[in-house]
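Asker: Below you will find the structure I want to go over with you.
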Amino acid sequence: MAPNLENAQQISEAHRLELLIDAVSDYAIYMLDPEGFVTTWNPGAEKIKGYSAAEIIGQHFSTFFTAEDQAAGLPEAIVASARETGRHEAEGWRVRKDGTHFWSNAILQRVLDEKGQLIGYAKITRDITERMAADRALRESERRFRVLVEGVVDYALYMLDPSGIVINWNTGAERLKGYTVDEIVGHHFSKFYPKEDRARGIPARVLETAIREGRYEGEGWRVRKDGSRFWASVVVDAIRNEAGELEGFAKITRDITERRAAQEALRESERQFRLLVQGVTDYALYMIDPNGIVTSWNSGAERIKGYAADEIIGQHFSRFYTERDRSAGKPSRALHTATQEGRFEAEDWRVRKDGTLFWAHVVIDPIRDEPGELIGFAKITRDITERREAELALKEAQAQRAHAQKMDALGQLTGGVVHDFNNLLTIVSSYVRLVKKAVASDPSASKATESVELAIERGVALTRQLLSFSRKQTAAAEVLSVGERIEAVQRMLGSSLSGQVSLASAVAPETWKIEADPGEFELALINTALNARDAMPDGGVVTITTENITLARGELREDLEGDFVAVRIADTGTGIAPDVLEKVFEPFFTTKENDKGTGLGLSQVYGFAKQSGGTVTIESELGSGTTVSLYLPRASRAPGEDDGIEAEMNPTSDAALIADDDPDAAAGVTAKTGQAPDGNVVPLRKCRRSPGSDAQQ
């Protein structure tokens, strides 16, 4: 034969073989290379295993084995056996692409080239799950047959000869079909079938199937002696002797008419339930098995979490949790709680497919079968992010309002007390001046009066801070350069800070000017900086920065909006505990020792910010330092513009103005000072409120 013709015939033969293999759909026929990697794939393999050729070619055939078999090294052992003996055949569980298992009969045949060199393996796999089930059913049939002997009456149990003639009959068969033993033995079993089934040859096919496969099992209509019909579950087993020769058939029939009706009703109910669940889009409704694997998925779950059903079914539900919650074991605890207590309900963060977080309300209910065995969990998840944000915003607004009311009440109380205290200081100061003049020639007495004057000055400074907090003191507002004032304070504080504490500033370019009392502004900076110093006993850095910002209404407070300059004083100190942080602006509140502070420093800052039309915030974390932020309105006028007519006081005037609610004390001072040759005392009884004044009538 000519070589070309021989090659053509070989190619043609190979093509026919390829067509034959592709035409076989009940067998997975494919090739492996010597290392076990898939090199060819037929339609039968795709049908049985679920992988397309493009998905599986190039993958190792161990993909089809269970995790347990892979761990045990079964794929490698099979290849080794085929390589050594030429062929390996066995049955076992295999895994489809979708994760389901099937019982297989597998043959691995060694393939050698013309030189006897190994070039790979031919593999044939068949799904024999049904056959294995049939084997189990056969054993069950034998068990049922023994029950027949024991007198079961709910089943029609009888024998047929190889041609289908009834040869025995039990009481269950008589009750179910209506025939007595004498009436039916010797008759063909086809008389139990409706006419239409007999015409289609179904009785004969049932026996043929039982002969061919060893067993027939099915459901269908059957006819009683009285002509009535019932839906029957039928099992026909072929009975063979030890030589394998057919001796007859064992037939079991059961009336399952009610069960069929119940199943149809259940299927309809399930269909309606699926429609209901799929129609819900605001809730993620899905099932998970006892191990937490997702087994169902509705459209609401897809909308909320972002996964399509085919992406998530078969995956563990813990992927919806944050990494931190997974590490903390929250998913398993949720299932444990649901199992032990009958329900789990909580709110927490969950993760969508795209990685974004949402605040979820979650309910997990355990699902049990009739005997009470756990078969899974029903899980309901709702995205309540917007509701949570609204609740948090409401709580924050309520807290801000309550704090503002408390601070206003403290301010009013402080203002009233300071008013009385200031009047007392005025009277004491006047008497001290009288005494000082009287004892001017006595050095010892003069020194004592100077000590009293120093104490009075400290009292005046204290009342000034209290008045600033209570907003009872009139601010002398000026247009200020924030940077210049910060620079001045920085120079001033250079000697006040310890050697281990440094002060730095970073004033943003073109920082807007503000309109405020310069003295109060500098005092606010000083008070905050000194507080920062005290929070750094081991040293650190105090940094003052500025920023131009535009606030939207409600961003910090409902009544604040527009252009502001943010002045931030940050330290690297010990930080403030959360329970202390909410009290730091209250007057006289301090965590320092009794001789280390009055508790008025941050109160002055708070009062100054409010009086200037702005606000102050504080942020702190233990161990991470503290930042105080002053928000002061941008100046609406240029520097030097007149605020209006201001009363001038002659600094050389010796007149004294006394305002006191105690007329006797005031009269005493008036009488004493009025006798002095160089003094002019005017007692004040009433004062009409003037613009910019907080004096009471």
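Cβ atoms are placed via backbone N, Cα and C, with glycine included.
As annotated in TrEMBL:
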type   : residues : note
COILED : 380-407  : coiled coil
DOMAIN : 13-70    : domain 'PAS'
DOMAIN : 88-140   : domain 'PAC'
DOMAIN : 141-214  : domain 'PAS'
DOMAIN : 216-268  : domain 'PAC'
DOMAIN : 269-342  : domain 'PAS'
DOMAIN : 344-396  : domain 'PAC'
DOMAIN : 416-636  : domain 'Histidine kinase'
REGION : 656-697  : region 'Disordered'
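I would like each feature placed in context: is it buried or exposed, what are its neighbours, and how far apart are things?
Answerer: Broken down with DSSP, the domain 'PAS' (141-214) shows 41 helix, 8 strand, 25 coil.
When the domain 'PAS' (269-342) is classified with DSSP, helix, strand and coil residues number 43 helix, 8 strand, 23 coil.
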Asker: Across the domain 'PAC' (216-268), what is the average pLDDT of the model, as a whole number?
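Answerer: For the domain 'PAC' (216-268), the model's average pLDDT rounds to 91.
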Asker: Quick one: DSSP breakdown of the domain 'PAC' (216-268) into helix, strand and coil?
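Answerer: Tallied per class, the domain 'PAC' (216-268) gives 12 helix, 30 strand, 11 coil.
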